[in-house]
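Q: Input: one structure, supplied below.
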Amino acid sequence: MPLRARSRKPGAGPAARAPQAGVSEPSFVAKSEDRLFKHLFEDYQRWVRPVEHLNDTIKIKFGLAISQLVDVDEKNQLMTTNVWLKQEWIHVKLRWNPEDYAGITSIRVPSDSIWIPDIVLYDNADGRFEGTSTKTVVKYDGTIAWTPPVNYKSSCTIDVTFFPFDLQNCSMKFGSWTYDGSQVDIILEDYEVDKRDFFDNGEWEIVTATGSKGNRTDGCCWYPFVTYSFIIRRLPLFYTLFLIIPCIGLSFLTVLVFYLPSNEAEKISLCTSVLVSLTVFLLVIEEIIPSSSKVIPLIGEYLVFTMIFVTLSIVITVFAINIHHRSSSTHNAMAPWVRKIFLHKLPKLLCMRSHVDRYFAQKEEKGNMSGSESSRNTLEAALDSIRYITRHVMKENEVREVVEDWKFIAQVLDRMFLWAFLLVSIIGSLVLFIPVIHKWASIIVPVHIGSTNT
């Protein structure tokens, strides 16, 4: 009986077995990497500075990349940032020949397993001086690249003079905590802070961020450090809409108090309401800015000035209302100089309608009424009655004219302080904004021109 040919199973031929021949290659690479780690870290001491000679200096290329400006706490004078510390140095004890280890040119090693420079942020405010324990990239020639992400809270002296149109200069100072310059030297990699992955902040904008290297001498040793200066500008739109404009509006609202008639009781109510509103705004600013007696923000000075302004308007309004309700029965006769100034001179200067002074109007001359012995008694009685009525009417006219004169003086006072307070409000507002415009022109414009030229 002829042997029946066995059916060949799918995938059982040489072509199907070919991929299995390459299965050993990844295993070989893995074994080579394992062998490389054993070779590098056998008897390795991560606390020993990796140099061939004791006097050799390890040069650290240092750079900074910022990913986010998280917050600027003006009250506590802190700047919170998310940064990446770019560090690179040569480790003479971590070198190998790639040909001996399946062509491996780089490996990833945890940072807490090898020697790393103890570069910290000197002006740290939360006690966290070290970076995050992330892996380092070790190349075959001994070059180590380590870029740990760090969340820093650094101290920043806040200058609130031009709040909310202020620019702050916050610095971050990095250096070795234990090594001097002869052991570990820091080389500034980039003059500019890397902002390619920067996430914009809704309140602050980074104008410039530059680095510089310096040295601090302490006795026989010198200590290198790198300082990064961040010039940040506050975006003032929010505070302009909800703080500056209402404050200016309240100051000009005070001017309208003098436009109300003097007999209106709402004048005092309006002044008091404005004063309370300004007090609330002042408390809001006090919650934002740091408690310092060195610098007072311009907006704070403007609010205090406006509060004094409103207080004076209340005093003047009370005085004007008192004058408005004066009469000959409650006060003495008006002094001649008061009449001359407030009834004749000031109305012309204030473009007011001339007030006709009738108080000293020449009285009609009394007619000579020669008594006739032959006049009747009834005629004399009638004349006496007419004289009495005339005197009574003239007296009432005089009293009414005195009251009208005092009312007109109150109107003159209101008009005079209306123009005076309006002028002072405009000048105060200009004094607030002119220094801000000058400050921005001296800083923002050169930076913008420089960035355009580059």
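Please read every residue number as a count from 1 along the shown chain.
Placement of Cβ uses the backbone N, Cα and C atoms for every residue, glycine included.
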Q: Looking at the candidate ranges 1-26, 27-52, 53-78, report the one that Swiss-Prot labels region 'Disordered'.
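A: Among 1-26, 27-52, 53-78, the range Swiss-Prot annotates as region 'Disordered' is 1-26.
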Q: Nearest of the recorded positions to CYS156 (disulfide bond) by CA-CA distance, picking from ASN169, ASN215, CYS221?
A: ASN169
Q: Based on Cβ atoms within 10 Å, give me the single least packed residue among the disulfide-bonded residues CYS156, CYS170, CYS220, CYS221.
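A: Each of the disulfide-bonded residues CYS156, CYS170, CYS220, CYS221 was scored by Cβ atoms within 10 Å; lowest is CYS220.
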Q: Please report, as numbers and ranges, the same-chain residues at least 6 past the borders of the transmembrane segment (241-261) whose CB is under 8 Å from any CB of it.
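A: Distant Cβ neighbours of the transmembrane segment (241-261) are 164, 267, 270-271, 274, 277-278, 281, 284-285, 299, 302-303, 306, 309-310, 313, 316-317, 414-415, 417-418, 421-422, 425, 428-429.
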Q: By a simple count of other Cβ atoms within 10 Å, which of ASN55, ASN169, ASN215, the glycosylation sites in the record, is least packed?
A: ASN55
Q: Could you check which of the recorded positions (ASN55, ASN169, CYS170) sits closest to CYS220 (disulfide bond), going Cα to Cα?
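A: In terms of Cα distance, CYS220 (disulfide bond) lies closest to ASN55.
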